[in-house]
Amino acid sequence: MSARRQELQDRAIVKIAAHLPDLIVYGDFSPERPSVKCFDGVLMFVDISGFTAMTEKFSTAMYMDRGAEQLVEILNYYISAIVEKVLIFGGDILKFAGDALLALWKVERKQLKNIITVVIKCSLEIHGLFEAKEVEEGLDIRVKIGLAAGHITMLVFGDETRNYFLVIGQAVDDVRLAQNMAQMNDVILSPNCWQLCDRSMIEIERIPDQRAVKVSFLKPPPTFNFDEFFAKCMAFMDYYPSGDHKNFLRLACMLESDPELELSLQKYVMEIILKQIDDKQLRGYLSELRPVTIVFVNLMFKEQDKAEVIGSAIQAACVHITSVLKVFRGQINKVFMFDKGCSFLCVFGFPGEKAPDEITHALESAVDIFDFCSQVHKIRTVSIGVASGIVFCGIVGHTVRHEYTVIGQKVNIAARMMMYYPGIVTCDSVTYDGSNLPAYFFKELPKKVMKGVADPGPVYQCLGLNEKVMFGMAYLICNRYEGYPLLGRVREIDYFMSTMKDFLMTNCSRVLMYEGLPGYGKSQVLMEIEYLASQHENHRAVAIALTKISFHQNFYTIQILMANVLGLDTCKHYKERQTNLQNRVKTLLDDKYHCLLNDIFHVQFPVSREMSRMSKIRKQKQLEALFMKILEQTVREERIIFIIDEAQFVDVASWAFIEKLIRSMPIFIVMSLCPFPETPCAAANAIMKNRNTTYITLGTMQPQEIRDKVCVDLSVSSIPRELDSYLVEGSCGIPYYCEELLKNLDHHRILIFQQAEAEEKTNVTWNNLFKYSVKPTEDMYLYTSIAAGQKEACYLTSGVRLKNLSPPASLKEISLVQLDSMSLSHQMLVRCAAIIGLTFTTELLFEILPCWNMKMMIKALATLVESNVFDCFRSSKDLQLALKQNVTTFEVHYRSLSLKSKEGLAYSEEEQLREMEGEVIECRILRFCRPIMQKTAYELWLKDQKKVLHLKCARFLEESAHRCNHCRNRDFIPYHHFIADIRLNTLDMDTVKKMVKSHGFKTEDEVIFSKSEIPRKFKFPENISITETREKILHFFDNVIIKMRTSQDDVIPLESCHCEELLQIVILPLAQHFVALEENNKALYYFLELASAYLILGDNYNAYMYLGEGERLLKSLTNEDSWSQTFEYATFYSLKGEICFNMGQMVLAKKMLRKALKLLNRMFPCNLLSLTFQMHIEKNRLSHFMNQHTQEGSLPGKKLAQLFLQSSCFSLLWKIYSLNFFFHYKYYGRLAAIMQMNTSLETQNNFQIIKAFLDFSLYRHLAGYEGVWFKYEILVMEQLLNLPLKGEAFEIMAYAADALGHIKFLTGHLDLAIELGSRAHKMWSLLRNPNKYHMVLCRLSKPLFLKSRYKHLVQVLGWLWDLSVTEEHIFSKAFFYFVCLDIMLYSGFIYRTFEECLEFIHHNEDNRILKFQSGLLLGLYSCIAVWYARLQEWDNFYKFSNRAKTLVTRRTPTVLYYEGISRYMEGQVLHLQKQIEEQAENAQDSGVELLKALETLVAQNTTGPVFYPRLYHLMAYVCILMGDGHSCDFFLNTALELSETQGNLLEKCWLSMSKEWWYSAPELTGDQWLQTVLSLPSWDKIVSGNVTLQDVQKNKFLMRVNILDNPF
């Protein structure tokens, strides 16, 4: 039975019939229009309250998940219940009108009495439904019902394509009046209905002063059987389902295919409904919350009661309305009788019908309809209401009977304006503002209280759209504000200044044309140009703005320009204009021709006989000749600059005149225009190709300029980074988009304004760890709150998720216009792409497109790329590069382009498309040009459809959701996939085996990483010397490099690591698809993977953000006892701890890591007693592991995941404890280091064991071990020597070489650090892992720098620079500039100039990787501060020193941090010298504090001996400044001894010079360093031999000691 029903429902005729009443489906009408049919019946009018409020609530919802679908579900939940009741009781739903419906029981007159009883019963049951139904969404849904009975006339009208029907007559008027009298839950009978009904069955209540009555209840006699009574009544209903069909609600559900009937019924249904029925792809396509323009037309007739009379009038009006709407893609949605009149509900902007300038078109149509209908003889009054905004457009009703309708406050406002302001065309303020028409087309009307509309806002009368010359009104619309800068348009103004200069010098005409899309700020540019032009003496700037209407007015542009030139714009009366004109033209034009000017300037010169005989063309020529003479005369007296905004609306005659004008005399014309909608006229083309025309295509604003604009618009000193990213991405650099997004945020009260918090005073918690504000450029401070001395900042309301916000209606409309202009197949492609996300790959798009082949898709994509819907990129690096820079302004040379096309060099459109197809095939990554388009297209899908597509995407992506092939397809969190069952695709055994083989995945009882399966063969001799050890280790690494270079196996990866790209195009989208599918555990898995991956890549901010996403999901999980969830919690805290560690928040980090270990069943002791006990246990375990020769069976994946995570936590814990000075903390640190080793040994994984041994070696060296080689380093080498030279072993060896080199650098064995670092560099360069390779280069550069091996250093810096450019690696570039600053400050030559380094810092200090990377930015700021301190430029010093100070508190035990802090301390020491010299009060205290701080750094376990010489050098300088010669001598000698031991030639040379300087204490002039700086040689001079390295060494800064007498 259900299959049969499905088959019936799928028939086109059944689907069409569902949109129509039985009255039409089974009607037999004559073909003539209008046709009239009369019958008797009972009418029910049901009005449902609450839906309009609900529509308003949903249409203003912030988030994208509160859309049309929820609305349609709730609407139909209620309406379908009413429809079902009506159908069960034999009614026929005639019309749905928004949230009301009209039903008919058509019977013979003698049956009316009984049928009224049935209808009353039906009405009471409808009320009963709403008492029983639960109230949803906080809505109070109630119904009011009116009933009427009697004669009814049906009118059918229309044209050859569309038919409409109306029911008219007294009964129709009565039913509406009855419903209007009803209160909530009332049933009102009209007077005639009360007359005709069976009064004995009905208990009523009288209504004062009315003949209508209110039904209380039915009171049948005791013996009355309603079922029998109902069956008898239904026997008289023609189309009530009975017999075999009694289970059907409607007979029309059973219609057999009938092409003739189908064709006839199609005429009653809107075209977009028929499209949806034909195209099954578009199911649910029409239910939307959509910005539209409503035009409500009401016609009142002279003889209301005569069907024949009003029929012909309605027919005439309908035909005209249809023809007008067709031109502008508007549609009639409903026609019904409304308060004694006939109303047409017309809509512009239905799905698929959105067009540009919709509001203007709607007003044009309204005026046209008004003018026509007012002339129809039988129509007494025409009233039209126009309103714009978001309404619900969708199919409302029941499966078997529904209609496409619009519901919303804007529909109500249009209807109310139409009724309360009769006889005119009215519009609301949104329509008025959005029409872009001059204000003089409108007149504001007095406010009226309108039923059902709380506050409609201002109401305007549209006076007509014929352009009237209102002198003085055509100036540029917007005003220039003195206190507001023109942002991001420096280049555009430069074009003007340059062209202006040419104009003044050559005395030739110049035309400057700015083309840009709407919203690019063209008017703002012209306002600035008008201001600049008027600053010059003897210049006259005439500025006008045109509108769409101007184009249709012949010679309008010249008319307005000439009115301004002649000074008529300031005249208040036509007589004044006439006098002015007479004075100006009397010498140029005979008096008898003055009347030529009557029409054009609205004056009243007497009309001469000669003029009356003159033809129209001759008059125009005379007029043009006169204007030329006037302009020639004016040009002699002053320079004229014509400025025309919206020049695409210049009429053809005006273009022709302008073209002649620029050939005839020197004049400067500046225009702004949107791209021409159609091919411009010949004259416009000629101007564009003129050699004196400069044609500029406006670009967008750059990200920093958008940031500045937002800060200036909001008048704040800073905005949150999240807001900055949202606006930069969402606006795409278009000023209007940025403004609309900001307005939307303000409307939803998302922005909070309060005094900016001082960074150093903020108490750090996890939630504000990355409270990251971005600031405008310094030259913008003048326009923000900073200028007033108040640092007001903008913040976001807590809990808001900007990326999920629904786009503002204004921007949504722009996207809908573009979408609706596409073919249906292209729309489908865009909508499918929107599901994938902002960025997508061609492979995934192809996977989810229904029934497409690759050729079709490539062709469609090429077209969409060509039309700027998508951008395409070859790699994610290209994408990231493009996102940093928006499209800039450029010049178009139309003249040279036209010459090329004449030579046949221009491509045809087909060739261009073919070229684009080739480009799309090469580019696998695409991205929406406008994020708003993606959001808009995404919102068009229904929830179920979204789920299906998200599921498809997830299934496709999860196959690649791991590390890249280069990294052996592993998890970012080791063994993570063993813990959680996150796969959607079920795998058979063959697939599993293939995966094991190709990807390295193994079963749960096996592991991914290599094992220590081979027993140890090699051991170092016990008494081997340090030199022999060194030689053996270096020889081993040399052999490994040779093996890597010469191996025939797949030792060297064919491609470099591209994990970062996978994060963007696979793992992040996959996590988001799972969020959309509400698969929270799977989404959490991938967000944790993302956080871990970004930590590996050094991006703490992104790791924090994705961990935040994960935290939201963790809170939603319910299965708290499961091991997988416990592990996810542990991972979450472990990653939190790592982020806190990287940010220098050690207390928070320790807390998080302890939590993670507790969840992993490895409690870390929290008191000395448990510490002692645990230490004993761990030492025994270590001894057991170290003496264990044979390996037991492999561990399960789940166990390994747990051990790896524990090891990671311990690795961070010992570093945290090492930072603390409390003596017992070193025991905690030692325990953590031993526990890391034990955990790693338990994994039986070589890589993990080697990492732990090297970590423990580092711990011991930093804790004070003084030997060159620690025993665990020897154990590492033994492990390495026993590894087979293949696969992952090379990675382990490269890692070991790098780590050993790093340890040797920290401990001051610089030669050894260089030897090991060089070998690590060679290995990592072969292994093609940029993330590891850059770190090796950074580490290698420092010992080379200290050893003064500049040739090798410069070579390493060259590699580092190449890597930073090819990989777009910001960390490498920042480190490169850090070393360049070091070279200038300490080595005495220039590799890159100070200005270049400073510019890099200015451009990148807000980069999220640098800003949240502990140490590097501190080092850069401190180097700049030291530079300025040496030059005694103290203001600049304070600026950078204060920036560095905020980063000092992020104490992390890393080389970069200590590099940074040592330079920061040098800056403070130089400042102390200034304080002492100026005899500042607190100089002595500052000196003592500084010395303590330096001593603390030296005493710290984690600092590393390599930094001691510099720190002792600074301590010596502080002592000499404070007069403590003895201590100075001690620190100086200690530093020299350490430099000698370590081979630190750089520091040794500087120390020797300082010692010599301080001992001899000669006079030193303040500007000596300035002289040194000015003579610093470049590296090229050194290489060429012009400068020797011995000379370079003398370019050291000598710290001034002329404050005290020589203490020595």
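Placed from the backbone N, Cα and C atoms, the Cβ positions cover glycine too.
According to Swiss-Prot, the feature ATP binding site maps to Asp47, Ile48, Ser49, Gly50, Phe51, Thr52, Asp99, Lys144, Val406, Asn412, Ile413, Ala414, Ala415, Arg416. Ile48 (Mg(2+) 2 binding site) carries a strand DSSP state (E or B).
Neighbours of Ile48 (Mg(2+) 2 binding site), defined as other CB atoms within 10 A of its CB across all chains, total 21. Residues annotated as Mg(2+) 2 binding site in Swiss-Prot: Asp47, Ile48, Asp99.
The Mg(2+) 1 binding site annotation in Swiss-Prot covers Asp47, Asp99. Within the same chain, residues at least 6 positions away in sequence whose Cβ sits under 8 Å from that of Asp47 (ATP binding site) are Asp99, Ala100, Val143, Lys144, Ile145, Gly146, Gln179, Ala182.
According to DSSP, Lys95 (hydrogencarbonate binding site) is assigned to a strand segment. Take the CB of Lys95 (hydrogencarbonate binding site) and look out to 10 A: across all protein chains shown you find 19 other CB atoms. Swiss-Prot lists Lys95, Val167, Arg176, Met337 with the feature hydrogencarbonate binding site, giving similarity to another entry as the kind of evidence.
According to Swiss-Prot, the feature domain 'Guanylate cyclase 1' maps to 42-179. Model confidence over the domain 'Guanylate cyclase 1' (42-179) stands at 86, taken as the mean pLDDT rounded to a whole number.
Summarised by DSSP class, the composition of the domain 'Guanylate cyclase 2' (293-418) is 49 helix, 51 strand, 26 coil. Among the features that Swiss-Prot reports, domain 'Guanylate cyclase 2' is placed at 293-418.
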Residues close to Mg(2+) 2 site centre defined by Asp47, Ile48, Asp99, Cβ within 8 Å: Val46, Ser49, Gly50, Phe51, Gly98, Ala100, Leu101, Val143, Lys144
Integer Å distance between the CA atoms belonging to Ile48 (Mg(2+) 2 binding site) and Ile413 (ATP binding site): 17
Helix, strand or coil at Val167 (hydrogencarbonate binding site) [DSSP, three-state]: strand
Rounded inter-Cα distance in Å - Phe51 (ATP binding site), Val167 (hydrogencarbonate binding site): 25
Residues near Met337 (hydrogencarbonate binding site) in space but at least six apart in sequence (CB under 8 A): Leu166, Val167, Ile168, Val172, Asp173, Arg176, Ser343
Secondary structure tally of the domain 'Guanylate cyclase 1' (42-179) (DSSP, helix then strand then coil): 64 helix, 45 strand, 29 coil
Output field, hydrogencarbonate shell: CB within 8 Å of site CB centroid, site Lys95, Val167, Arg176, Met337 dropped: Leu43, Phe45, Leu94, Leu102, Leu166, Ile168, Val172, Val175, Phe336, Phe338
Cα distance (Å, whole number) from Val406 (ATP binding site) to Lys95 (hydrogencarbonate binding site): 13
Euclidean distance between Cα atoms of Ile48 (Mg(2+) 2 binding site) and Val406 (ATP binding site), Å: 14
Same chain, 6+ residues apart, C-beta under 8 Å of the C-beta of Ala415 (ATP binding site), given in sequence order: Phe296, Phe338, Ser343, Gly385
C-beta crowding around Asp99 (ATP binding site), within 10 angstroms: 26
